[in-house]
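I have placed the structure first, in the form of structure tokens, so that the comments after it can refer back to it.
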């Protein structure tokens, strides 16, 4: 007897399914229009195209696996994977929607090329909203004993890892100063641990841990928060000391990169603080109910 794949139309007609369909169409529209202009060179253009294509491909795959109900056969936690990916996609598309127009649309802007770039930017912004909607719809309600990555601390883990990647992309010339080397160590250690938590969750490896996961997460979040607190003080202190903003500070100006890292460090500091509050509440409330 042949194995018959059942078709589950709810994968397309539910709100989450509609959000995913929109994301597929909009990301496809964005990269097709940009490809037709032929103007997407350099690291920023490559990043934008990579983001749209990756989100298109993975979300299409998710839709097909849900439509044909093939995902239970995969050796991973499906809810965790789709939650983490929709969060990551929302962050990546958001970044791209800012980076692409600011890098490639010149002002004054006219002609068909400019129109295509503008429509691609609009499609990218709408695609971000589609992923944000999916994150909102799939986020677990407090009290559900559900997949970890669809809870607020889980979504924050994806955000923290992503912000750390943005920080790495801006690091430039921190060589000789011990204070800045410490900051880079903070970004790297926290990124690695956070990334491992995400991978272990998706791969269903967390149940094999020999210690209570929730308590370990509270401890890790507290430590990461304190480490980021030192980086929030030391990074601007050492990077701007005896270094004024140059008069001609273009796209690749080091001063701008230092400023970017300063803001991203603050974002992650806040993220780890919220994460600490949420995860300690989860442990505290769970152990006392």
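Including glycine, each Cβ sits where the backbone N, Cα and C put it.
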Choose the correct range: of 85-106, 151-172, which one does TrEMBL annotate as transmembrane segment? Give that range.
85-106
Considering every residue in the domain 'MARVEL' (148-284), what is the mean pLDDT value?
88
